[in-house]
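**Student:** Below you will find the structure I want to go over with you.
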Amino acid sequence: MESSELAGTVTQSMAKEDASIDPYFHLILNDDLAENNWPKVLDEYKKQPKHSLMAQTMSKALFDKLKNVQSSSGWTIARAINTGVCYPDSFVGCHAGDLDSYKVFKDLFYPVIEKYHVGYKLDGSMKHVTSMDPEHIKVDLTDEAKSIIVSTRIRCARNLAMFPLNTSGSLKTRMEISDSMEAIFKEMSSSDEYKDLGGTFFRHTTMTKEEEQKLIDDHFLFKGKDKMQAASGYHRFWPHGRGIFCSNDKKFLLWINEGDHLRIISMEQSGDIKGVLRRLHRGAVAIEHYLKKKYDVKDVFMSDPILGMITCCPSNLGTGLRASVHCRVPKLIKKIGFQKIDELARSMKCQARGTMGEHSEVTDTVDVSNWRRLGFPEHELVQDMIKCINKFAEMECSMED
């Protein structure tokens, strides 16, 4: 492995002795895993009432079976489970380095996937289906639901089949992806067919302070700074190879190398959920068109008939889609609290998050999104969210001040 590949990779013991090592960006390996040994701390995690899906699945016998195996990109079981070993609060606790690693380490990944994507079986009896057509959505927002919605945001994750996932990717692969996407954005913005999606690509390494502040004010900028993601290798070589494409109307965005290669985003300050999904679909088709043209390949997005779209985290497999709505429910928050709101959302195949996203503070609004990803078409997952919002709106509007 070249020295550039090791940049930003240290052990927990090294991190304790060097204050310059930043757990939010550096890849810090558990000491045992760095030596390719069974991480003894997992024995303690397994005694706790709650532990990650990885910890529920991984055993010393399984680790010893897989410890000397590598995927086509050199991904190892030690790297795969590092996040869950370093951070027991991680819900999933493991990451893939490439499509091959899902198969090479299927004794770990398949049980984790089936635990997360409840009801989906990986025995070959089920296939993933894809359909972003909003006309297939059979449930509409109620008038009450429309009255509480602040904004709508739908995104999908995509990884390019020509490159390893960013967990195992290098500085070179990150730069190649961002360079390719910059050229595609220029071509797309100048085309007659997609010029309405045209805009500007801002690189993290070259954006001005004014541009950075504007992106922050618009809540568009991603900043990395996540310990669990950093432990997977997401943030290595930060900020090189990262960037944000923003359409002129600020309704169509792409994050480049935030975690997965591409996060394609459609959003607006309204409750026009079908319109947001329609724009996302059209934008994803445009990006795929230009990538096929550039690389002269049939399939540009990393995918599998059973696993769907391939992502670094098993939780995003399938559609890679998160459809979310910010809704104002101050009475509901006060009456039953955020935890109960999230429990209700999960009973309806959705998830509630804080006002600014996962692990954030809750004020008067909550972010409600689909929970399912794999085995269901995109329009059905958006429909899950609509049903959940309708229920929250009914409860909110029936409560007294």
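Cβ coordinates come from backbone N, Cα and C, glycine included.
Annotated domain 'Phosphagen kinase N-terminal' per TrEMBL: 32-118, in sequence order. Under the heading domain 'Phosphagen kinase C-terminal', TrEMBL lists 148-399. If you look up TrEMBL, you'll see 151-155, His219, Arg263, 322-326, 353-358 marked as ATP binding site.
A description of the local structural setting of each listed feature is requested, covering burial, neighbours and distances.
**Tutor:** Helix, strand and coil residue tallies for the domain 'Phosphagen kinase N-terminal' (32-118), in that order: 47 helix, 0 strand, 40 coil [DSSP].
Here the Cβ of Arg263 (ATP binding site) has 20 other Cβ atoms within 10 Å, regardless of which shown protein chain they belong to.
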**Student:** Counting other Cβ atoms within 10 Å of each Cβ, which of the binding-site residues Ser151, Ser324 scores lowest?
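**Tutor:** Each of the binding-site residues Ser151, Ser324 was scored by Cβ atoms within 10 Å; lowest is Ser151.
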**Student:** Which has the fewest other Cβ atoms within 10 Å: Ile154, Arg353, the binding-site residues listed?
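**Tutor:** With the binding-site residues Ile154, Arg353, fewest surrounding Cβ atoms within 10 Å: Arg353.
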